[in-house]
Amino acid sequence: MSAGTHCGPPGNRAPPFARLCCVSAALGMLWSPACLAFNLDVDKLTVYSGPEGSYFGYSLDFYIPDARTASVLVGAPKANTSQPDIVEGGAVYYCPWPSERSAQCKQIPFDTTNNRKIRVNGTKEPIEFKSNQWFGATVRAHKGKVVACAPLYHWRTLKPNPAKDPVGTCYVAIQNFSAYAEHSPCRNSNADPEGQGYCQAGFSLDFYKNGDLIVGGPGSFYWQGQVITVSIADIIANYSFKDILRKLAAEKQTDVAPASYDDSYLGYSVAAGEFTGDSQQELVAGIPRGAQNFGYVSIINSTDMTFIQNFTGEQMASYFGYTVVVSDVNNDGMDDILVGAPLFMEREFESNPREVGQVYLYLQASALLFQDPQVLTGTETFGRFGSSVAHLGDLNQDGYNDIAIGVPFAGKDQRGKVLIYNGNPRGLHSKPSQVLQGIWGSQTIPSGFGFSLRGDADIDKNDYPDLLVGAFGKGKVAVYRARPVVTVDAQLLLHPMIINLENKTCQIPEFPTPVACFSVRVCASIAGQSISNTIALLAEVQLDFLKQKGAIKRTLFLHNHQSHFTFPFVMKQQKSLHCQDFMVYLRDETEFRDKLSPINISLNYSLDDSTFKDSLEVKPILNHYRDNVVTEQAHILVDCGEDNLCVPDLKLSARPDKHQIIIGDENHLMLIINARNEGEGAYEAELFVIIPEEADYVGIERNNKGLRPLSCEYKMENVTRMVVCDLGNPMVTGTNFSLGLRFAVPRLEKTNMSINFDLQIRSSNKDNPDSNFERVQINITAIAQVEIRGVSHPPQIVLPIHNWEPEKKPHKEEEVGPLVEHIYELHNIGPSTISDSILDVGWPFSARDEFLLYIFHLQTLGPLQCQTNPEINPQDIKPAASPEDTPELSAFLRNATIPHLVRKRDVPVVQLHRQSPARILNCTNIDCLQISCAVGRLGGGESAVLKVRSRLWAHTFLKRKNDHYALASLVSFEVKKMPYKEQPAKLPAGSTAVKTSVIWATPNVSFSIPLWVIILAILLGLLVLAILTLALWKCGFFDRARPPQDEMTDREQLTSDKTPEA
């Protein structure tokens, strides 16, 4: 029996009652129940209430003196009574069953007297102290006998300097509470802590099966503790109100032990059971602080009170032995022991241990031989799992005893919980079958729901044991009644179990087309203790239930064309088989593909609650440990031999139409796949092609007569992309065909040397369903064609320049010489991209400290970063505004292909000299300025352009008249890197020269003619012409001879038809 909070004065050793304190105010964590309710009824709950603050419910028991009478006993150790001058002496309440509003719980008058007194020096002084004695902290009933104790009862010792010692006392009630007797086994002359002065007799309490009493006194002998047994008959026979110090001859007690056993608390909990193989019970006592605070439980011989066997806890300060209970859990005829350790700490993480509590079950294998314990562990921090453990009896009538475990400070607002564990042949189920939730909160102390438990009694006479749960912090006791358990034995019978789609023997109403069908028979029988003769179930049959939601159900009920049907199923006699038949048909073959997987049919059932009237009786419940779902399978007949099992032999091969693709290219490729079946039919055969992340599915090849145009679709499962092609249902024996799948591969920048397509044929066949795994590897390469080209603008300079002379020390750009621009273009033809290149220019800058082409500005287009060595414009000449580009130059800068950037212009005023070839000036014979450019990323078809604006240093060349020169700049490039994981073995490089010619021309000589000379010449010319004309006229040069004319006009001659006469 679990204990409560006790207080009292300290002795000359450590204070005892602080160590015996068991009420905790620690916070509990929320705990979610592991399962649904089983057969303790939580709806028709009976609740008894006691006075506020009385700790009503701290202890409790059933009181069943005979087969016709049942009631509940409840201890309230802080209740006030009618005893004069006694404050919170405590009481035990009698609560009648069945509970009615008019029937209140009443105090049982175990003791109605004040403190007894003695005369000391002429003054009456109390010899006992009943205030705050915690009467009712323990209460036990055995048939018609009831014992209740006050472990904090004090008495005045018979010493010269008397002390007030908490010896504890108990009261016995018999004959339906008509006779009472007190027994205080530790109230004697052996006082003080070293004796039995701090005994606290009645701290724990139990009965042997013969009715003898076991009393625990954990404070005796410097809190070594002790256990006392006594016969109820001896207590009654030898009781005398006046005889305070009374020793019963038949009383048995454990003796004092060596000092090393101090502070052990023997008797903290007690129970009785049979463990030696004889017919006489032994007692079991918890010693939670023994064994160096590890705690242990002892089996003690009931005859001579000697210790027989110990069970030791596994963790220090876990309070192993806080509770002990005896029960034959596995129904093998031998008693088993359960031990609570509510302060056990789970050390999954050493830095953050959790106090969760444990309960240990020791199954007895033979006399004094026990199996290794089964351990149940709590889940809620500070819930105090194992503070109370109760033997319930066979709660669900399955032949094995069940156990309740209290977790009084668990759950929401520390409302408490009670966990029900059912027994089985191996012990207890590891998961609770039911979790009772505390329903009372408290703003002061926790309600303590589950701190006290009592079972193994049938209060409502329905042949099922019931459970009492106390919540002392709220002053409540709840009666949970067990519901009758109905065990259903159900089955599904299918005929035939193999369906021939060609055998269409059923007719759908209102449809002329026959269909293939089979029958479904639902049969069930019921069994259970004390259940009604008529039990109604609500049953549901689901056809093809493993098909996912939204998928086509292959079978339907003939009467409603649905894949499920719910119906009432009434059974009127236990163990009698009841059946009901249904016809089921298959859809047309064109409506579904799956012919191989079984047609799974399920029957699930529940009790039809509508048939149970709302009465005081508790409703039955289905057996928690019997599955309420029954399944069966039917199969479709396939052409797979006598065994109806198809074993295909699928083969697969594949090859690409190209074995290499280039990064940056369009990269269209086709996989040519051959699929064949050399075995039996493969059902729902499909080709799966896993698409690499670099590729995209384009479609199936339909223009090649040698390739079959199958039905294929793109799918995505999670992050896997695939193409799935239907190969037939079934893919029959001897199938052999090829198909082509087209893909585009645009994303190759981050890939390795190759990409892989994974292929496999899969079917729904059970045996050998898949083909070989095929992997097609495509190699990846990077190729970039890069060219460098340049142009000079203008391509030649003609000296001298008309009406212009250079300055010896120019200050402006225009004073230097004619403009010369060189433009260089680095062009990536592709298809791959280049990401890191170098462009170098050697520029004809000077010779013998004389400038040649003097640079003023560098202009770039595209990803270019340039620097020069030495710096440009070293004379710090003021540059001119940048001139606008000519159309030819603009086109060049737009990457246009220009055959002739600059046309050859006419020179009407000068004649070009052709006497000698030009002398070439380049970096091999002059001083060059170096231009170095870093080129960034260039994709296929992209360019980078460098434009160098300079002036011909005219002064240098005018000193060398008639010498022809060609000024050449040399531009080169080298690709350093491409933006891919794998680099090609050789990267592009190249160079070219750009020339500007300097040539000379000699001007024509022209004479100046006076104006009067020109006028005189014109007049003289006119005079000569006039004289000549006059001479010719005089000579008759202008006269003409004409033929003779008649009177006929020209028109008449032209229109006359006659020939003129001679």
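The backbone N, Cα and C atoms fix where each Cβ goes, and this holds for glycine too.
Taken from Swiss-Prot, the feature repeat 'FG-GAP 1' covers 41-104.
Per Swiss-Prot, N-linked glycosylation site is recorded for ASN80 (among others). In the three-state DSSP assignment, the secondary structure recorded for ASN80 (N-linked glycosylation site) is coil. Of all Cβ atoms in the shown protein chains, 17 besides its own fall within 10 Å of the Cβ of ASN80 (N-linked glycosylation site).
According to Swiss-Prot, the feature repeat 'FG-GAP 2' maps to 121-182.
Of all Cβ atoms in the protein chains displayed, 5 besides its own lie within 10 Å of the Cβ of ASN121 (N-linked glycosylation site). Following the DSSP three-state reduction, the secondary structure of ASN121 (N-linked glycosylation site) is coil. Annotation source Swiss-Prot lists N-linked glycosylation site at ASN121 (among others).
According to Swiss-Prot, the repeat 'FG-GAP 3' annotation covers 187-239. Per DSSP, the repeat 'FG-GAP 3' (187-239) is made up of 10 helix, 15 strand, 28 coil.
For ASN238 (N-linked glycosylation site), the same-chain residues that are 6 or more apart in sequence and have a Cβ closer than 8 Å to its Cβ are ARG246, LEU248. Under the heading N-linked glycosylation site, Swiss-Prot lists ASN238 (among others), citing sequence analysis as support.
For 252-305, the entry in Swiss-Prot reads repeat 'FG-GAP 4', with the evidence type sequence analysis. Per-residue confidence over the repeat 'FG-GAP 4' (252-305) averages out at a pLDDT of 96.
Marked as N-linked glycosylation site by Swiss-Prot: ASN301 (among others). Remark: ASN301 (N-linked glycosylation site) has THR276, GLU282, PHE307, ILE308 as non-local neighbours, by Cβ distance under 8 Å and separation of at least 6 in sequence.
Taken from Swiss-Prot, the feature repeat 'FG-GAP 5' covers 306-371, and the record attributes it to sequence analysis.
Here Swiss-Prot flags 372-430 as repeat 'FG-GAP 6'.
Note: the repeat 'FG-GAP 7' (434-497) comprises 0 helix, 33 strand, 31 coil (DSSP; helix = H, G, I, strand = E, B). Feature annotation from Swiss-Prot assigns repeat 'FG-GAP 7' to 434-497.
Taken from Swiss-Prot, the feature Ca(2+) 4 binding site applies to ASP458, ASP460, ASN462, TYR464, ASP466.
Among the features that Swiss-Prot reports, N-linked glycosylation site is placed at ASN503 (among others). Other C-beta atoms found within 10 angstroms of the C-beta of ASN503 (N-linked glycosylation site) number 13, with every protein chain shown included.
In sequence order, ASP544, PHE545, LEU546, THR631, GLU632, GLN633 make up the list of same-chain residues 6 or more apart from ASN600 (N-linked glycosylation site) whose Cβ falls under 8 Å from its Cβ. The N-linked glycosylation site annotation in Swiss-Prot covers ASN600 (among others), and the record cites sequence analysis as its basis.
According to Swiss-Prot, the N-linked glycosylation site annotation covers ASN604 (among others). Taking the Cβ of ASN604 (N-linked glycosylation site) as reference, residues of its chain lying under 8 Å away and at least six apart in sequence are, in sequence order, ALA539, GLU540, GLN542, ASN628, VAL629, VAL630.
Sequence-distant neighbours of ASN718 (N-linked glycosylation site) (same chain, six or more apart, CB under 8 Å from its CB) are absent. According to Swiss-Prot, the feature N-linked glycosylation site maps to ASN718 (among others).
For ASP466 (Ca(2+) 4 binding site), applying a Cβ distance below 8 Å and a minimum sequence separation of six or more within one chain yields PHE62, GLY455, ALA457, ASP458, ILE459, ASP460, VAL479, TYR480, ARG481, ALA482. The sparsest Cβ neighbourhood within 10 Å, among the listed binding-site residues (ASP458, ASP460), is found at ASP458.
In this structure, ASN301 (N-linked glycosylation site) belongs to neither helix nor strand by DSSP; it is coil.
Of all the glycosylation sites in the record (ASN80, ASN121, ASN503, ASN752), the one with the smallest CA separation from ASN736 (N-linked glycosylation site) is ASN503. Spacing of ASN121 (N-linked glycosylation site) relative to ASN80 (N-linked glycosylation site) is 32 Å (Cα to Cα, whole number). Residue with the densest Cβ environment among the recorded positions ASN462, ASN736, ASN752: ASN462, by other Cβ atoms within 10 Å. Every protein chain shown contributes to the tally, and the Cβ of TYR464 (Ca(2+) 4 binding site) ends up with 23 other Cβ atoms within 10 Å. Look at ASN600 (N-linked glycosylation site): DSSP puts it in a strand. Counting Cβ pairs under 8 Å that are 6 or more residues apart, the repeat 'FG-GAP 7' (434-497) and the repeat 'FG-GAP 3' (187-239) reach fewer than 3 and are not in contact.
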